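Visitor: My questions will all concern the structure given below.
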């Protein structure tokens with residue numbers, strides 16, 4: 001199947017161009033999990049999480065386009081970063097300074113330790129992707145770890161009961177799978193872009209077997225519904241939100257809508273953010 005990647009500018013992709021959607025997803029689901037556990041979220045930990053995810057995504061994109069002509073890049077987000085490289089680098093540098101400042105002056109000792117763990121995962125991801133690691137699941141799995149661990153590690157030090165901890169770990173595992181499949185399907189939609197950028201992905205590694213990837217969202221949706229009965233009502237609500245997103249992702253992929261892969265990516269990521277907000281506020 002041929003998948004075209006168009007580069008015509010669309011204003012609604014600007015959040016993706018700046019990687020704000022990725023940061024928003026992390027923040028929204030951190031709030032959702034905290035609400036389900038009855039845990040108060042400090043603004044500092046929320047800001048550190050959002051900034052850390054944003055720095056990874058934007059920095060990775062900046063490294064992708066260095067030395068390349070913006071006119072020949074296959075996606076709007078890469079072309080945007082290439083055309084505004086100095087602005088993006090300045091914003092990234094400012095974000096890094098703010099992230100470090102807030103981490104050391106706004107977090108307590110356990111949260112700082114959690115932040116260092118998150119930093120390590122982010123560094124491994126960036127090195128692995130930029131060096132084009134050929135392990136099939138590397139990029140997608142590391143994205144899932146960044147989001148799941150980024151949300152979960154900040155609960156270390158909280159006084160959670162054993163049942164609450166088990167519920168958190170199980171639901172975080174489902175969330176990680178959702179992020180994994182989200183990333184894997186997006187890579188399938190954007191195979192031509194990855195080829196032109198020289199990036200590896202699970203979709204490229206699977207070859208003809210990539211067809212079987214298309215049923216993964218539904219399987220995760222069923223798993224989310226199945227575990228709901230084992231969780232507290234509040235955490236069960238989070239599991240149902242994950243199921244809702246998984247089935248929605250199944251429809252997006254099944255109908256291949258929107259037709260443009262970049263718009264489809266924006267819809268998939270935007271919906272994950274919106275469902276996270278619903279899980280928090282609902």
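Any Cβ shown, glycine's included, is placed from N, Cα and C.
Note that this is a predicted model, so its numbers are computed, not measured.
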Visitor: Quick one: which of 87-106, 247-266 does TrEMBL have down as transmembrane segment?
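Guide: TrEMBL lists transmembrane segment for residues 87-106.
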Visitor: In TrEMBL, which of the ranges 3-30, 31-58 has the transmembrane segment annotation?
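Guide: Result: 31-58 is the stretch TrEMBL calls transmembrane segment.
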Visitor: Considering only Cβ pairs within less than 8 angstroms, which of the stretches 31-58, 112-129, 141-162, 168-189, 210-228 has the most against the transmembrane segment (87-106)?
Guide: 31-58
Visitor: With the transmembrane segment (112-129) as the reference, which stretch in 31-58, 168-189, 210-228 has the largest tally of C-beta pairs below 8 Å?
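Guide: Ranking 31-58, 168-189, 210-228 by Cβ pairs under 8 Å to the transmembrane segment (112-129) puts 31-58 first.
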Visitor: What same-chain residues lie close to the transmembrane segment (141-162): Cβ under 8 Å, and 6 or more beyond its ends?
Guide: 25-26, 29-30, 33-34, 37, 39, 45, 49, 52-53, 56, 108, 110-111, 113-115, 117-118, 121-122, 124-125, 128-129, 168-169, 172-173, 175-177, 179-180, 183
